[in-house]
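> Have a look at this one before I ask anything.
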Amino acid sequence: MKKIGLTNKIFIALILGVLSGVALYPFKENLIIKNYVIDFFFNFLGTGFIRAIRMIVIPLVFCSLTVGAAGIEDIKKLGRVGIKTLSFYLGTTAVAITLALGVGSLINPGKGIVLSQISTTNVSVGETKPFIDILLGMIPINPIEALAKGDMLQIIVFSILCGVAMAMLGDKVSTIRKGMDELNNIVLKIVDLVMQLAPFGVYGLIAKTFSTLGYSAMLPLLKYFLAVIFVLLLHYLITYQSLLILIAKYNPIKFLKKFSGPMMVAFSTSSSSATLPASMETLQEEFGVSKGISSFTIPLGSTINMDGTAIMQGVATIFIAQIYGVSLTMGDFVTVIITATLTSIGTAGVPGVGVIMLGMVLQQVGLPLEGMALVMGIDRFVDMFRTVVNITGDAVCTLIVAKTEGELKREEDATSVNENTLA
Ligand code: ASP
(Lines of atoms letter the chains of each structure in order from A and count residues from 1; the text may use other names and numbers.)
(Lines give C-alpha, C1' and ligand atoms only; values in the text may rest on other atoms or scores of the structure.)
Protein backbone atom coordinates (compact mmCIF):
# COMPACT_ATOMS: atom_id res chain seq x y z
CA MET A 1 0.00 0.00 0.00
CA LYS A 2 1.28 3.46 -0.86
CA LYS A 3 2.42 5.40 2.21
CA ILE A 4 0.26 8.43 2.96
CA GLY A 5 2.34 11.64 2.92
CA LEU A 6 2.33 13.96 5.92
CA THR A 7 0.34 16.65 4.11
CA ASN A 8 -2.42 14.20 3.32
CA LYS A 9 -2.43 12.93 6.87
CA ILE A 10 -2.83 16.51 8.13
CA PHE A 11 -5.67 17.07 5.70
CA ILE A 12 -7.49 13.92 6.78
CA ALA A 13 -7.01 14.97 10.41
CA LEU A 14 -8.50 18.38 9.61
CA ILE A 15 -11.64 16.89 8.07
CA LEU A 16 -12.01 14.37 10.90
CA GLY A 17 -11.58 17.24 13.37
CA VAL A 18 -14.39 19.27 11.79
CA LEU A 19 -16.66 16.21 11.69
CA SER A 20 -16.01 15.24 15.31
CA GLY A 21 -16.37 18.84 16.47
CA VAL A 22 -19.66 19.43 14.69
CA ALA A 23 -21.00 16.06 15.85
CA LEU A 24 -20.14 16.77 19.48
CA TYR A 25 -21.27 20.42 19.51
CA PRO A 26 -24.88 19.64 20.56
CA PHE A 27 -23.52 17.65 23.52
CA LYS A 28 -20.93 20.14 24.64
CA GLU A 29 -22.71 20.73 27.96
CA ASN A 30 -22.75 17.00 28.73
CA LEU A 31 -20.26 16.58 31.58
CA ILE A 32 -18.60 13.46 30.20
CA ILE A 33 -18.18 14.94 26.73
CA LYS A 34 -17.02 18.27 28.10
CA ASN A 35 -14.60 17.02 30.76
CA TYR A 36 -13.18 13.94 29.12
CA VAL A 37 -13.45 14.49 25.40
CA ILE A 38 -13.26 18.24 24.76
CA ASP A 39 -11.30 19.60 27.70
CA PHE A 40 -9.08 16.56 28.15
CA PHE A 41 -8.60 14.55 24.97
CA PHE A 42 -8.91 17.27 22.28
CA ASN A 43 -7.18 19.76 24.51
CA PHE A 44 -4.27 17.42 25.23
CA LEU A 45 -3.68 16.68 21.53
CA GLY A 46 -4.07 20.30 20.39
CA THR A 47 -2.36 22.17 23.19
CA GLY A 48 0.34 19.51 23.44
CA PHE A 49 1.19 20.00 19.78
CA ILE A 50 1.25 23.79 20.10
CA ARG A 51 3.54 23.54 23.13
CA ALA A 52 5.91 21.22 21.26
CA ILE A 53 6.05 23.69 18.38
CA ARG A 54 6.58 26.66 20.65
CA MET A 55 9.44 24.75 22.24
CA ILE A 56 11.37 24.77 18.98
CA VAL A 57 10.51 28.19 17.59
CA ILE A 58 13.12 30.22 19.47
CA PRO A 59 16.06 27.82 19.05
CA LEU A 60 15.08 27.51 15.39
CA VAL A 61 14.90 31.25 14.74
CA PHE A 62 18.16 31.91 16.55
CA CYS A 63 20.15 29.06 14.97
CA SER A 64 18.78 29.35 11.47
CA LEU A 65 19.08 33.12 11.25
CA THR A 66 22.62 33.10 12.61
CA VAL A 67 23.70 30.27 10.33
CA GLY A 68 21.78 31.84 7.44
CA ALA A 69 23.35 35.28 7.84
CA ALA A 70 26.80 33.76 8.37
CA GLY A 71 26.26 31.67 5.25
CA ILE A 72 25.72 34.73 3.07
CA GLU A 73 29.40 35.53 3.07
CA ASP A 74 28.96 38.55 0.90
CA ILE A 75 27.71 41.28 3.25
CA LYS A 76 26.45 43.34 0.31
CA LYS A 77 24.23 40.46 -0.71
CA LEU A 78 22.82 40.22 2.81
CA GLY A 79 21.94 43.92 2.65
CA ARG A 80 20.34 43.45 -0.76
CA VAL A 81 18.28 40.48 0.40
CA GLY A 82 17.25 42.43 3.50
CA ILE A 83 16.06 45.45 1.55
CA LYS A 84 14.20 43.35 -1.01
CA THR A 85 12.49 41.34 1.71
CA LEU A 86 11.44 44.37 3.74
CA SER A 87 10.10 46.26 0.73
CA PHE A 88 8.16 43.24 -0.42
CA TYR A 89 6.66 42.65 3.01
CA LEU A 90 5.57 46.25 3.55
CA GLY A 91 4.48 46.68 -0.08
CA THR A 92 2.20 43.62 -0.15
CA THR A 93 0.69 44.54 3.21
CA ALA A 94 -0.20 47.99 1.88
CA VAL A 95 -1.75 46.39 -1.22
CA ALA A 96 -3.69 43.95 0.98
CA ILE A 97 -5.23 46.63 3.16
CA THR A 98 -6.04 48.84 0.16
CA LEU A 99 -7.81 45.90 -1.45
CA ALA A 100 -9.73 45.30 1.78
CA LEU A 101 -10.87 48.92 1.99
CA GLY A 102 -11.79 49.01 -1.69
CA VAL A 103 -13.80 45.80 -1.69
CA GLY A 104 -15.24 46.60 1.75
CA SER A 105 -16.60 49.92 0.47
CA LEU A 106 -18.20 48.15 -2.48
CA ILE A 107 -19.90 45.30 -0.68
CA ASN A 108 -20.84 47.16 2.53
CA PRO A 109 -20.49 44.29 5.01
CA GLY A 110 -22.05 46.27 7.88
CA LYS A 111 -25.15 47.65 6.13
CA GLY A 112 -28.41 46.33 7.49
CA ILE A 113 -26.97 44.74 10.61
CA VAL A 114 -28.68 45.65 13.85
CA LEU A 115 -26.34 45.92 16.81
CA SER A 116 -28.59 43.96 19.16
CA GLN A 117 -28.41 40.90 16.88
CA ILE A 118 -24.86 40.37 17.92
CA SER A 119 -23.69 39.16 21.27
CA THR A 120 -20.58 40.97 22.36
CA THR A 121 -17.50 39.76 24.16
CA ASN A 122 -15.28 41.67 26.54
CA VAL A 123 -12.89 43.99 24.79
CA SER A 124 -9.24 44.48 25.52
CA VAL A 125 -7.53 47.13 23.48
CA GLY A 126 -4.08 46.94 21.93
CA GLU A 127 -1.67 49.37 23.44
CA THR A 128 -1.05 52.29 21.11
CA LYS A 129 2.68 52.41 20.59
CA PRO A 130 4.29 55.28 18.67
CA PHE A 131 6.34 54.10 15.71
CA ILE A 132 9.57 55.31 17.30
CA ASP A 133 8.95 52.95 20.23
CA ILE A 134 8.43 50.02 17.86
CA LEU A 135 11.76 50.86 16.21
CA LEU A 136 13.65 51.32 19.49
CA GLY A 137 12.05 48.19 20.90
CA MET A 138 13.78 46.17 18.19
CA ILE A 139 17.20 46.81 19.76
CA PRO A 140 17.68 44.34 22.61
CA ILE A 141 19.25 45.77 25.77
CA ASN A 142 19.76 42.24 26.99
CA PRO A 143 19.83 39.55 24.29
CA ILE A 144 19.50 36.73 26.82
CA GLU A 145 16.35 38.29 28.19
CA ALA A 146 15.04 38.68 24.64
CA LEU A 147 15.60 34.95 24.04
CA ALA A 148 14.04 33.99 27.36
CA LYS A 149 11.00 36.20 26.82
CA GLY A 150 10.68 35.21 23.17
CA ASP A 151 10.75 38.80 21.89
CA MET A 152 10.88 37.90 18.21
CA LEU A 153 12.01 41.22 16.72
CA GLN A 154 14.84 41.58 19.22
CA ILE A 155 15.88 37.96 18.64
CA ILE A 156 15.93 38.55 14.89
CA VAL A 157 18.14 41.64 15.23
CA PHE A 158 20.56 39.88 17.57
CA SER A 159 20.75 36.67 15.51
CA ILE A 160 21.44 38.57 12.30
CA LEU A 161 24.20 40.53 14.05
CA CYS A 162 25.79 37.30 15.30
CA GLY A 163 25.64 35.87 11.78
CA VAL A 164 27.07 39.01 10.18
CA ALA A 165 29.92 39.10 12.71
CA MET A 166 30.65 35.43 12.00
CA ALA A 167 30.66 36.09 8.25
CA MET A 168 33.06 39.01 8.73
CA LEU A 169 35.44 37.00 10.91
CA GLY A 170 35.51 34.10 8.44
CA ASP A 171 38.04 31.38 9.28
CA LYS A 172 38.94 32.92 12.62
CA VAL A 173 35.69 31.53 14.05
CA SER A 174 35.49 28.32 12.07
CA THR A 175 35.02 26.13 15.16
CA ILE A 176 32.00 28.06 16.44
CA ARG A 177 30.64 28.19 12.93
CA LYS A 178 30.82 24.46 12.58
CA GLY A 179 29.26 24.12 16.02
CA MET A 180 26.38 26.43 15.05
CA ASP A 181 25.84 24.43 11.87
CA GLU A 182 25.62 21.24 13.88
CA LEU A 183 23.32 22.83 16.46
CA ASN A 184 21.13 23.98 13.61
CA ASN A 185 20.96 20.43 12.28
CA ILE A 186 19.91 19.15 15.70
CA VAL A 187 17.13 21.75 15.89
CA LEU A 188 15.96 20.84 12.37
CA LYS A 189 15.83 17.19 13.34
CA ILE A 190 13.62 18.06 16.31
CA VAL A 191 11.39 20.04 13.92
CA ASP A 192 11.06 16.94 11.81
CA LEU A 193 10.09 14.83 14.82
CA VAL A 194 7.53 17.35 16.07
CA MET A 195 5.99 17.68 12.61
CA GLN A 196 5.26 13.95 12.63
CA LEU A 197 2.80 14.74 15.42
CA ALA A 198 1.03 17.40 13.35
CA PRO A 199 -1.94 15.23 12.29
CA PHE A 200 -2.83 14.50 15.92
CA GLY A 201 -2.37 18.12 16.95
CA VAL A 202 -4.43 19.42 14.04
CA TYR A 203 -7.23 16.96 14.82
CA GLY A 204 -7.34 18.05 18.47
CA LEU A 205 -7.28 21.78 17.69
CA ILE A 206 -9.97 21.71 15.06
CA ALA A 207 -12.23 19.31 16.95
CA LYS A 208 -11.99 21.51 20.05
CA THR A 209 -12.83 24.72 18.16
CA PHE A 210 -15.81 23.26 16.37
CA SER A 211 -17.18 21.38 19.37
CA THR A 212 -17.02 24.52 21.52
CA LEU A 213 -18.23 27.13 19.04
CA GLY A 214 -20.18 25.20 16.42
CA TYR A 215 -20.86 27.23 13.33
CA SER A 216 -23.90 28.93 14.68
CA ALA A 217 -21.46 31.34 16.32
CA MET A 218 -20.90 32.88 12.96
CA LEU A 219 -24.45 33.42 11.73
CA PRO A 220 -25.20 37.08 12.52
CA LEU A 221 -21.76 38.10 11.41
CA LEU A 222 -21.77 35.97 8.30
CA LYS A 223 -21.60 38.96 5.97
CA TYR A 224 -18.47 40.31 7.64
CA PHE A 225 -16.97 36.82 7.71
CA LEU A 226 -17.65 36.22 4.02
CA ALA A 227 -16.32 39.67 3.10
CA VAL A 228 -13.00 38.93 4.85
CA ILE A 229 -12.75 35.51 3.21
CA PHE A 230 -13.52 37.05 -0.18
CA VAL A 231 -10.75 39.66 0.09
CA LEU A 232 -8.29 37.07 1.42
CA LEU A 233 -9.03 34.93 -1.61
CA LEU A 234 -8.72 37.91 -3.94
CA HIS A 235 -5.33 38.84 -2.50
CA TYR A 236 -4.19 35.26 -2.89
CA LEU A 237 -5.49 34.93 -6.44
CA ILE A 238 -4.52 38.35 -7.76
CA THR A 239 -1.54 39.62 -5.80
CA TYR A 240 0.29 36.42 -4.94
CA GLN A 241 -0.44 34.50 -8.11
CA SER A 242 0.68 37.35 -10.35
CA LEU A 243 3.85 37.81 -8.29
CA LEU A 244 4.51 34.09 -8.57
CA ILE A 245 3.94 34.03 -12.30
CA LEU A 246 5.54 37.33 -13.25
CA ILE A 247 8.50 37.60 -10.91
CA ALA A 248 9.22 34.21 -9.35
CA LYS A 249 8.28 32.45 -12.62
CA TYR A 250 6.67 29.71 -10.58
CA ASN A 251 3.57 27.75 -11.53
CA PRO A 252 0.87 28.71 -8.94
CA ILE A 253 -0.71 25.24 -9.04
CA LYS A 254 2.61 23.62 -8.25
CA PHE A 255 3.11 26.19 -5.53
CA LEU A 256 -0.25 25.35 -3.96
CA LYS A 257 0.43 21.65 -4.12
CA LYS A 258 3.80 21.91 -2.47
CA PHE A 259 2.84 24.53 0.08
CA SER A 260 -0.48 23.01 1.20
CA GLY A 261 1.19 21.29 4.19
CA PRO A 262 2.25 24.53 5.91
CA MET A 263 -1.09 26.11 4.91
CA MET A 264 -2.96 23.43 6.81
CA VAL A 265 -0.71 23.86 9.82
CA ALA A 266 -1.42 27.62 9.71
CA PHE A 267 -5.16 27.01 9.36
CA SER A 268 -5.35 24.75 12.37
CA THR A 269 -2.90 26.55 14.66
CA SER A 270 -3.85 30.13 13.63
CA SER A 271 -0.27 31.04 14.30
CA SER A 272 2.44 32.17 11.90
CA SER A 273 5.09 31.42 14.51
CA ALA A 274 3.83 27.89 14.97
CA THR A 275 3.90 27.41 11.20
CA LEU A 276 7.44 28.72 10.86
CA PRO A 277 9.15 25.31 11.18
CA ALA A 278 6.86 23.72 8.57
CA SER A 279 7.23 26.65 6.14
CA MET A 280 10.97 26.71 6.40
CA GLU A 281 11.32 22.99 5.95
CA THR A 282 9.00 22.97 2.93
CA LEU A 283 10.71 25.90 1.22
CA GLN A 284 14.10 24.32 1.63
CA GLU A 285 13.27 20.73 0.86
CA GLU A 286 10.37 20.99 -1.57
CA PHE A 287 11.13 24.23 -3.38
CA GLY A 288 14.90 24.00 -3.09
CA VAL A 289 15.35 27.51 -1.71
CA SER A 290 18.78 27.92 -0.11
CA LYS A 291 19.02 28.03 3.68
CA GLY A 292 20.78 31.38 3.41
CA ILE A 293 17.64 33.01 2.04
CA SER A 294 14.79 31.05 3.60
CA SER A 295 16.22 31.15 7.09
CA PHE A 296 16.29 34.91 6.77
CA THR A 297 12.98 35.64 5.06
CA ILE A 298 10.71 33.16 6.87
CA PRO A 299 11.42 34.05 10.52
CA LEU A 300 11.27 37.73 9.57
CA GLY A 301 8.06 37.26 7.60
CA SER A 302 6.29 35.27 10.28
CA THR A 303 7.00 38.15 12.64
CA ILE A 304 6.39 41.26 10.56
CA ASN A 305 4.47 40.28 7.43
CA MET A 306 0.74 39.92 8.06
CA ASP A 307 -1.25 40.57 4.91
CA GLY A 308 -4.20 38.48 6.06
CA THR A 309 -4.36 40.34 9.35
CA ALA A 310 -4.26 43.70 7.54
CA ILE A 311 -7.15 42.54 5.34
CA MET A 312 -9.23 41.60 8.36
CA GLN A 313 -8.49 45.01 9.89
CA GLY A 314 -9.53 46.84 6.73
CA VAL A 315 -12.82 44.98 6.38
CA ALA A 316 -13.49 45.22 10.13
CA THR A 317 -12.93 48.98 10.09
CA ILE A 318 -15.50 49.44 7.35
CA PHE A 319 -17.89 46.99 9.00
CA ILE A 320 -17.69 48.78 12.34
CA ALA A 321 -18.00 52.23 10.75
CA GLN A 322 -21.16 51.12 8.93
CA ILE A 323 -22.71 49.54 11.98
CA TYR A 324 -22.21 52.74 13.94
CA GLY A 325 -23.30 54.88 11.00
CA VAL A 326 -19.94 56.67 10.68
CA SER A 327 -18.75 57.56 7.18
CA LEU A 328 -15.04 57.37 6.58
CA THR A 329 -13.22 60.02 4.55
CA MET A 330 -10.40 59.50 2.05
CA GLY A 331 -8.02 60.79 4.74
CA ASP A 332 -9.32 58.11 7.13
CA PHE A 333 -8.59 55.47 4.49
CA VAL A 334 -5.00 56.67 4.15
CA THR A 335 -4.65 56.64 7.95
CA VAL A 336 -5.99 53.07 8.06
CA ILE A 337 -3.54 51.97 5.34
CA ILE A 338 -0.54 53.46 7.11
CA THR A 339 -1.55 52.31 10.61
CA ALA A 340 -2.42 48.77 9.57
CA THR A 341 0.82 48.38 7.59
CA LEU A 342 2.92 49.58 10.51
CA THR A 343 1.00 47.67 13.18
CA SER A 344 1.53 44.49 11.21
CA ILE A 345 5.22 44.79 12.14
CA GLY A 346 4.33 44.74 15.80
CA THR A 347 1.71 41.97 15.56
CA ALA A 348 2.98 38.73 17.00
CA GLY A 349 2.37 35.61 14.92
CA VAL A 350 0.15 33.96 17.49
CA PRO A 351 -3.62 33.42 17.58
CA GLY A 352 -5.88 36.37 18.17
CA VAL A 353 -3.35 39.20 18.27
CA GLY A 354 -4.51 40.80 15.04
CA VAL A 355 -7.93 41.60 16.40
CA ILE A 356 -6.43 43.23 19.49
CA MET A 357 -4.24 45.40 17.27
CA LEU A 358 -7.41 46.41 15.45
CA GLY A 359 -7.93 48.68 18.45
CA MET A 360 -5.05 50.86 17.26
CA VAL A 361 -6.51 51.20 13.79
CA LEU A 362 -9.97 52.08 15.10
CA GLN A 363 -8.49 54.61 17.50
CA GLN A 364 -6.59 56.36 14.73
CA VAL A 365 -9.80 57.04 12.81
CA GLY A 366 -11.93 57.73 15.88
CA LEU A 367 -14.22 54.70 15.66
CA PRO A 368 -15.74 53.29 18.87
CA LEU A 369 -13.53 50.56 20.31
CA GLU A 370 -16.62 48.68 21.45
CA GLY A 371 -16.93 47.72 17.80
CA MET A 372 -14.08 45.29 18.32
CA ALA A 373 -16.26 43.20 20.58
CA LEU A 374 -18.51 42.45 17.63
CA VAL A 375 -15.86 40.94 15.45
CA MET A 376 -14.13 39.21 18.35
CA GLY A 377 -17.01 36.77 18.72
CA ILE A 378 -16.07 35.03 15.50
CA ASP A 379 -12.42 35.97 15.31
CA ARG A 380 -11.29 32.43 16.04
CA PHE A 381 -12.62 31.38 12.62
CA VAL A 382 -11.40 34.44 10.76
CA ASP A 383 -7.96 33.96 12.31
CA MET A 384 -7.62 30.50 10.74
CA PHE A 385 -8.07 31.87 7.25
CA ARG A 386 -6.03 35.04 7.62
CA THR A 387 -3.07 33.16 9.09
CA VAL A 388 -2.94 31.02 5.94
CA VAL A 389 -2.62 34.22 3.88
CA ASN A 390 -0.03 35.61 6.32
CA ILE A 391 2.31 32.68 5.84
CA THR A 392 1.64 32.37 2.12
CA GLY A 393 2.88 35.94 1.68
CA ASP A 394 6.13 34.97 3.40
CA ALA A 395 6.59 32.00 1.08
CA VAL A 396 5.86 34.01 -2.07
CA CYS A 397 8.39 36.63 -1.00
CA THR A 398 10.96 33.95 -0.31
CA LEU A 399 10.52 32.51 -3.80
CA ILE A 400 10.85 35.97 -5.35
CA VAL A 401 13.99 36.80 -3.42
CA ALA A 402 15.48 33.38 -4.21
CA LYS A 403 14.62 33.77 -7.88
CA THR A 404 16.01 37.29 -8.21
CA GLU A 405 19.17 36.18 -6.41
CA GLY A 406 19.51 33.37 -8.95
CA GLU A 407 19.29 30.80 -6.19
CA LEU A 408 16.04 29.03 -6.92
CA LYS A 409 17.06 25.58 -7.97
CA ARG A 410 15.26 24.03 -10.88
CA GLU A 411 12.03 22.39 -9.74
CA GLU A 412 13.09 18.90 -10.70
CA ASP A 413 16.25 19.24 -8.58
CA ALA A 414 14.28 20.54 -5.68
CA THR A 415 11.76 17.73 -5.47
CA SER A 416 14.34 15.00 -5.45
CA VAL A 417 16.23 16.46 -2.49
CA ASN A 418 14.16 14.85 0.21
CA GLU A 419 11.14 12.66 0.01
CA ASN A 420 10.34 12.11 3.62
CA THR A 421 9.23 15.64 4.51
CA LEU A 422 5.90 17.33 3.84
CA ALA A 423 4.94 15.72 0.57
N1 ASP B 1 -2.92 34.64 14.03
C2 ASP B 1 -2.21 35.54 13.17
C3 ASP B 1 -0.87 34.94 12.81
O4 ASP B 1 -0.27 34.26 13.59
C5 ASP B 1 -2.03 36.89 13.76
C6 ASP B 1 -3.38 37.51 13.93
O7 ASP B 1 -3.86 38.13 12.98
O8 ASP B 1 -3.98 37.37 15.00
O9 ASP B 1 -0.38 35.15 11.74
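Placement of Cβ uses the backbone N, Cα and C atoms for every residue, glycine included.
For reference, TrEMBL lists these features for the protein:
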TRANSMEM  40-65  transmembrane segment
TRANSMEM  86-107  transmembrane segment
TRANSMEM  152-174  transmembrane segment
TRANSMEM  186-206  transmembrane segment
TRANSMEM  226-248  transmembrane segment
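Mind running through what each feature is packed against?
Counting same-chain residues at least six beyond the ends of the transmembrane segment (86-107), those with a Cβ under 8 angstroms from any Cβ of the stretch are 227-228, 230-231, 234-235, 238-239, 243, 300-301, 304-308, 310-315, 317-319, 333, 336-337, 340-341, 344, 389, 393, 396-397, 400-401.
A Cβ distance under 8 Å defines the sequence-distant neighbours of the transmembrane segment (186-206), meaning residues of its chain 6+ beyond its ends; these are 6, 9-10, 12-14, 16-18, 20-21, 41-50, 52-53, 55-56, 59-60, 63-64, 264-265, 268-269, 277-278, 280-281, 421-422.
Same-chain residues lying 6+ beyond the ends of the transmembrane segment (226-248) with a Cβ under 8 Å from its Cβ atoms: 92, 95-96, 99-100, 103-104, 107, 109, 255, 307-308, 311-312, 314-316, 319, 382, 385-386, 388-389, 392-393, 396, 399-400, 402-404, 408.
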